[in-house]
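Feature annotations, reproduced from TrEMBL:
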DOMAIN    46-298  domain 'G-protein coupled receptors family 1 profile'
TRANSMEM  30-53  transmembrane segment
TRANSMEM  65-92  transmembrane segment
TRANSMEM  98-125  transmembrane segment
TRANSMEM  146-168  transmembrane segment
TRANSMEM  202-231  transmembrane segment
TRANSMEM  243-266  transmembrane segment
TRANSMEM  278-298  transmembrane segment
Amino acid sequence: MGETVLPNTTFLHPTFFILMGIPGLGGAQAWLTLVFGPMYLLALLGNGALLAVVRIDSKLQQPMFLLLAMLAATDLGLAMSIAPGLLAILWLGPRPVPYAACLAQMFFVHALTAVESGVLLAMACDRAVAVGRPLHYPILVTKARVGYAALALALKAVAIVVPFPLLVARFERFRAKTISHAYCAHMAVVELVVGNTRANNLYGLALSLAVSGVDILGITGSYGLIAHAVLRLPTREARTKAFGTCSSHICVILAFYVPGLFSYLTHRFGRHTVPKPVHILLSNIYLLLPPALNPLIYGARTKQIRDRLLETFTFRKGLF
């Protein structure tokens, strides 16, 4: 399936790489399409439906739902960056990917992951203002400021992720053309490089800790303010209602960070104890599980979206 590489053989600027999928599983890889196929379908339909509902219904074009639309658009982009190639590899076997396309996938996967983490932080800040200062919420959180936040998150992601493909592109020689992964992850490509990859390793580690660390600290701080505001409410009913407005967001945060943290820890500290196929499987689950779950969480737990979706489907059904 892969190519045989002789000792001391290197490749000068390969025109393509070969993505191997999840090595070690052999023919069992095809069965994973039964897992990742439905995930991709849910991500496409669910996030597409959310974007359509927010676009169509003027009542939903408010800051909270615009942030949700940003999350849905990011999830849609992330799923489309990973899933088609992953499913093709699982079903048809290893496949070639052009060198430039590999670097482009590397950029989009890492950039969209950074954007998603930033959107979750923005949503936490939105909930903190809504619960802590409800009377000032319409003034402090506006559609224009949501637009500025979206632009800032996109520019930040581009600025911090562009070095990934550039740090790889500076190398001229590679040990092999086969990437033992299902997509062009930065570190999976770096493993093939002939040369000093210290800068790649340090930047990858620093970026993971800085982006996720800062966003997690911001989310934790926001929920600290929310908890403080909720506990000051006079009645249990008011506290329950205030907390209920945040429950969907908490579920989404857990769906994004828990698999991500587990994947990161097994990659960094379990390299010699956790089999490589498990690393690769976890990284793909981390990227595809949130886009599949987020629309279900918000569709089921957010009354305005649930009612609008039901109204749309009931109307369509009545036409037939």
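Just so it is clear, glycine is given a Cβ too, placed from its N, Cα and C backbone atoms.
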### Query
So what's near the transmembrane segment (98-125) in sequence-distant terms, Cβ-Cβ under 8 Å and 6+ beyond its ends?
13-17, 67-68, 70-71, 74-75, 77-78, 81-82, 85, 146, 149, 153-154, 156-158, 160-162, 164-165, 168-169, 179, 183-186, 189, 211-212, 215, 218-219, 222-223, 249, 252-253, 256, 287, 290
### Query
For the transmembrane segment (146-168), what are the same-chain contacts with Cβ under 8 Å, counting residues 6+ beyond its ends?
63, 66-67, 70, 103-104, 106-107, 110-112, 114-115, 118-119, 122, 186, 189-190, 193, 199-200, 203-204, 207, 211
#### Entry: Spatial neighbours of the transmembrane segment (243-266) far in sequence, C-beta under 8 Å, 6+ residues away
71, 116-117, 120, 123-124, 127, 130-131, 208, 212, 216, 219, 223, 226, 230, 274, 278-279, 282-283, 285-286, 289-290, 293-294, 297-298, 301-302
